[in-house]
Amino acid sequence: MEQKKDLILKVSGVTKRFPGVLALNKVSLEIPKGVVYGIVGENGAGKSTLMKILSGVYEKDEGTIEFDGEIIEHTTPIQALRRGLSIIYQEFNLVNTMTVGENIFLGRFSENHGMKGTHQKARELLDSIGSKIDTYTLVGDLSASEMQMVEITKALSFDSKLIIMDEPSSSLTTEELKKLGEIIFQLRNKGISIIYISHKLDEIFEYCNIVTIMRDGNVIDTKPIEELTRSEMIAKMVGRTIENEYPPRAHFVGEPLLEVKNLNTSKLHDINFTLHKGEILGLVGLVGAGRTEIIRAIYGADKVKSKELIMEGKPVTVSSPRDAKALGMGLVPEDRKQEGLILRFSVGENITMAALSEIAKKGVLNRKKEKEIENRQIENLLIKTPSAAAKVLNLSGGNQQKCVVGRWLELNPKVLILDEPTRGIDVGAKYEIYVLMNKIVEQGGAIIMISSELPEVLSMSNRVLTVCDGRITGEFSPEEVDPSEIMDRAIG
Amino acid sequence: ACGKSGGETKTDAAADTAQTEDTGNTAAASGDGITVGWIVQDMANESQSYSCRIAEEKAKELGINLTSYDQAGDAQKATDAISTCIAQGVDAIIINPADPQAVVPALMEAKEAGIVVGLFSSDLAAESQQYRDFFCGTNDTMAGEQAAQAIIDAFPDGCNVVEIGGQSGHDAQVKRSDGFKAGLEGSNITVLDSKNCDQWATEDSMAIMEDFIVKYGDKIDAVFCHWDNGATGVINALENANMDGVYIVAVDGCSAGYDHVKDGTQAVCIGQSFTNMVAQSLDCAQKAVAGESFEEINWIPLDTVTSENVDSLPYPEW
Amino acid sequence: MDTKRVFIKAKQVLLKQKAVLAILAMLILMLFFNTQFYSVYNWMNVFRSATVQGIIAMGVTMTVLCAACDLSVGGIMCLSGVITVLMINSGMPIAVACLCALLAGAAVGLVNGFLVVHQRTEPFIITLGMGTLLKGICQQLTDAHPIACTNMEFMKISNTKIFGHIPILVLYMAIILVIFFCVLRFTTYGRNCYAIGGNYDVAKYSGINTVMIKWSTFVISGVMAALAGILLSSRMNSASSVYGDNTGMLVNCGVVIGGTSFAGGIGGVVQSFIGVFVLQLMSNCMDCLGIGAYVQQLLQGIIIVLILGFDCFGRLRKREHV
Amino acid sequence: MGKSIDVKKFLLHNLVLLGIVVLCVVTAIVEPLFLTQNNFTNILRQFGPLSFVALGMTYVIIGGFLDLSVVGIISLVGVVTLSLIDPLGQVGALLCGLLLGTFLGFLNGVILVGFGARIQAEVLFITYGMSSIFGAIALIYTNSETEHMSRLSNPYTIFTWIGKGKVGPLAVSMILFVISLVAVEWFYRKTLWGRQIALMGGNKIAATLCGYNMKRTMVLVYTICGLFAGMGSIVLISRVTTASPVAGAGYETDAIMSVVVGGTALAGGTGSGIRTVLGVLLIILLSNCMNMLGVSTYLQTIMKGLVLVIAIWLDNRKEQQIH
Ligand SMILES: Nc1ncnc2c1ncn2[C@@H]1O[C@H](COP(=O)(O)OP(=O)(O)OP(=O)(O)O)[C@@H](O)[C@H]1O
Ligand SMILES: Nc1ncnc2c1ncn2[C@@H]1O[C@H](COP(=O)(O)OP(=O)(O)OP(=O)(O)O)[C@@H](O)[C@H]1O
Ligand SMILES: [Mg+2]
Ligand SMILES: [Mg+2]
């Protein structure tokens, strides 16, 4: 009895089915007041689905939910918000065409006495978390991490008793992550509970009090954080023991493959570097440093002022992604929903997208070969999908990412560019992607990898470049260097 | 409706006119010629654009300063065009309205501004005729009646006829259809069916005729099609079905109609003479502006073109 | 800081608003010709001509802001005129007739909203079909004959002038424009419309009653079109089933020309009015210059293509995307 | 139980087909003449112009765009083709007409790509403006006069053959259409170029990053659309033996309606020309059946609107139920 009073949320026996998928199977959770409650699990474990049920986006099929002592049968997003449950969704949840201030107070315009009041209050909130974003800028003009901060601010603007954060840190920099940590502690001290979902286990260990581990729609275990070790957690998540989070670094570095010279755009200044055969080159920098711009410019996706590329000793021109692909380059973009996938199309169609031009004979396609590719990649990458014909829209984030990566693997690219390839991907899948990366370099290809997770870059790459403000500011060998030195250069 | 403001408009417009004369209109051909705003019903319509062309030619001859405006078959554009004419300070407006009802308020304004108003081809309803000075044109209702008469004459013992109307709701379609119905009243002619088109499109009339042929087959003795180019479609449909001897009557009197009558594919073509209409209206306008007396209503008689008289009539230029 | 922001905004508007540039170009061009273009009467005439489409554009803008569109406005306008005139001719008081017409417009908007918002059909195509349907109803009601209004009082609604020069229609337009501007700018409802158009799901998750709001924009659009129908019928003292044939396309085109994005969330009623106005002004300019009908059509097409084209171009340059 | 679900599913998938069957059965019961060979030929002939235009439109819509300029293309190609028969001979005129249609479509594509239009909303009214331009050129070219084949001095047998000819019971225009349909469907389904159209409709940016040239694909779909609008125009003038500079009004709406009623989503990415055929059939049959039943013109317009709205609505519900 006594204990029950302290619970903010009690979920018992919740089940959710999607066509062909049992997303949640009799899930039960108990979340006390004033704790940070971590939920971890592989991609497709059902974490996001559970959160969407709590916030009223999906209907549950079975089970009961009790929020703040009240049984909730049916809820809608607005009711959930009013009750005091706010959520930061995994996918961005902002209106790009409106200003930061208006987004924070979306739908509550009159509560703040019009435009001026809204922006004023938004300013106060942003200041309170130490963000310098101008409330009058359009959200569409922000970078991924700035958007994330706006989302966090938005969740704070409600007087919530429970805040769900579904991978809030996936695009935050170290600096911002620190701020987020402070915010979380502040909230917890005020007696507000937080559900924290992340694939970055360090954060889980740092912030959370209790952790629930999910796999395939089931709750595997719930334990206070002190009673868990990292490897134990990983083992429970993936259902087997993983010795290392990173495979051994591959060392096949050979002669120069791609030389980038004198690359200038409106944002980039004098970028020069060389990529060698069999090398994984990491690009490190703060958000907005221009890493994405560098690789897009190389790939021919953006306009450039000047650019010289030398591939295998021969000067080449790359003025469009088409040229880039013809030279054996491939790009996995950072925003998979907008730039990577055709969400309405099937998993298979998304996988074969890049390879179509290879299997077409004089422009005529071969359905049989397409099928082969689909099945091969689904097996190779262990993509969790009912069938190749299922819509990619319904896959979990990690599995969607695998589709985008898989599309290029089929082509054995010489240069594969990966922009945040493991964003929102679970440990198991990450490992698989790392192994795949190693396989590519083994075959003589080379990889440029952008990642905001420093450990990942340091463990995977043979060489690291730091980018700051559109310039390359340093070159390091990750085995020899101290991470703090790299961050130093990245900050500028 | 609004006396005071109307008065002011009048002085305004008068001042504007004076100004025009002071500075000399750029388009003015001769110093003393009157300016006329010629508002065409729809420049995309063949007959209308033809009448506009001859009006421009005729005006040059008469030393009239004529500017043409298009209402594109839209009643609202007609009122806009009238307002533009008033603003430009013309001496006379001659309009062939797409919807005669709809221009009445705008014409009131024009009259208040002291502008001579002439209606061309379509007249206002009887109760609003005070808002125009003169009317020149053929009577579409009469065209329908004449078409009916031609059929009655050809089939004194009665027959079955189908009617294919022009664009649904268009002034000419409405009047021709009403006239046709009125003309048949009391006769022993049966109207099997009657359909309008979405546009004045030959394709529409052809499709309707094809369906009629399937449905009524040889029962059809005569066809009344509202326009000559539509009759082309009717003739095509009949040819495709190998039907001969169907008595076709159509209105307009364009070259296509004359050609059909000459080949014998079309029995009767009710022709309207735009040359006469234009000459008469410009004449009336000149007289009205000069303050001379003129005929208020000028019916331009319709020609009933048949194979007998087709060669004696001047071949139309459109 | 605030003045600077205003200045930047003004510059942005001028650069973004190709329609304003087009208007300026026309105004300058007309200085070189000796016509009555710069007379009070003519300007009132242009404004008055833009009124009917302008009023419809207000409602359409609401739907477009919510990332939908309404092409049935031509049909609604026509229907409302027919209903009003028929009822007045049958002896009803003018006010009752007008009210019924507005209700009819609201009813059509309700159905449009049901289909588009509730049933999630494609607004472009469904409202296009609805327009055809309404046109048929008008033809049925009038037997495709134009009908004159027998009560001359009805004419006064649109044909009065105030202060001697200003047609009352222009006043109506101004009032409606101000109301819509304020609603969109200063009320939660208005801001919610922008949110819905910007990102429907986000608006929904943020607790905005997206369905009702988006639905209501269709009702507003219907009512405004019906109002425009009444004013048009009063202006012309008649109703006919052929009114409004191209209105749907033209008004939606005007809205987009003004800079209200068909993708939703960007724009406003002032822009829309400018968009409708630019087409009207252009036609007036060309009439004043005595340009032939075909060339007018050609020039109008070219202007539409250029304004919208450079709008696209501007957006593209900003992002430097593929 | 399983069977009833199958029936329901089949019906849900083929609502248009169902509508067509119901329409035919009702008409045939009330008016047996509907089933005559003559009427069958009629329907196939009336099917002509719209079916070509709608087929071209299908691929634009699959590519995620729309084309309102077909009206202008039909007008312009019609008058130019007919006027070229005398100077160039009929074969030359025919080829020039097709070439002109293709070129106008190409021009659309190039202009849109040049301006950098990326989404449906952006192209919609630009093509509307283009339509206005093409239409105006047609009017200027002819001075708004209708041209008549009967006044030509050169023979125009090919056009007569297209307009009236029959091979067995089948109209020539129908056969031409089937050939075009098969060819273009094969192109769309089996070739890389065709697949790129679908990719463009699905996600233009993703497709570009996968190394496909979306600008070229965009020009391609508009060129196809222009070509088919030109073919539609030629079938039209052959059928009615005249060419009017304002012919084609309303074709853009009917074509888009046919495509969508057929079941190709306006959102792009999926669809097929075969579905469009059903949509066209529904629209043509609707007017034919109601003419057979003696429904008044006004009621016909109401019915047309109603059927279209309901068809699109039901089709949409179906989509939602299946997913
Ligand atoms: N709308 C939907 N329709 C069908 N299946 C769905 C839908 N949403 C989610 N799923 C399925 O439910 C399962 C759980 O997905 P969910 O997004 O909750 O995973 P997750 O644990 O959040 O994974 P990630 O860490 O990758 O975000 C997945 O297998 C996914 O394919
Ligand atoms: N679509 C866009 N519109 C406007 N500005 C943009 C857009 N995309 C990026 N920017 C801006 O360009 C700058 C550089 O962004 P970029 O994405 O290249 O950074 P990055 O180093 O890749 O960082 P990230 O970690 O977010 O990937 C950012 O400040 C961002 O605000
Ligand atoms: Mg998730
Ligand atoms: Mg980036």
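Just so you know, glycine gets a Cβ as well, placed from its N, Cα and C.
Just so you know, TrEMBL annotations never went through curation; they're auto-generated.
For reference, TrEMBL has these:
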type	residues	note
TRANSMEM	D:12-35	transmembrane segment
TRANSMEM	D:56-85	transmembrane segment
TRANSMEM	D:91-116	transmembrane segment
TRANSMEM	D:123-142	transmembrane segment
TRANSMEM	D:170-188	transmembrane segment
TRANSMEM	D:219-240	transmembrane segment
TRANSMEM	D:260-286	transmembrane segment
TRANSMEM	D:293-314	transmembrane segment
Can you say which of D:12-35, D:56-85, D:91-116, D:170-188, D:260-286 has the most Cβ pairs under 8 Å with the transmembrane segment (D:123-142)?
-> D:56-85
Could you name the stretch, out of D:56-85, D:91-116, D:170-188, D:260-286, with the greatest number of CB pairs under 8 A to the transmembrane segment (D:12-35)?
-> D:260-286
Do the transmembrane segment (D:219-240) and the transmembrane segment (D:91-116) share at least 3 Cβ pairs under 8 Å, sequence separation 6 or more?
-> yes
Which residues of the same chain, at least 6 past either end of the transmembrane segment (D:260-286), have a Cβ under 8 Å from a Cβ in it?
-> 15-17, 19-20, 23-24, 43, 46-47, 50-51, 54-55, 57-59, 61-66, 120, 181, 184-185, 188-189, 198, 200-202, 254, 300, 303-304, 307-308, 311-312, 315, 319
If one takes Cβ-Cβ under 8 Å and requires six or more residues beyond its ends, the residues near the transmembrane segment (D:91-116) are 56, 65, 67, 69, 72-73, 76-78, 80-82, 84-85, 123, 126-127, 130, 134, 158-159, 215, 218-231, 233-234
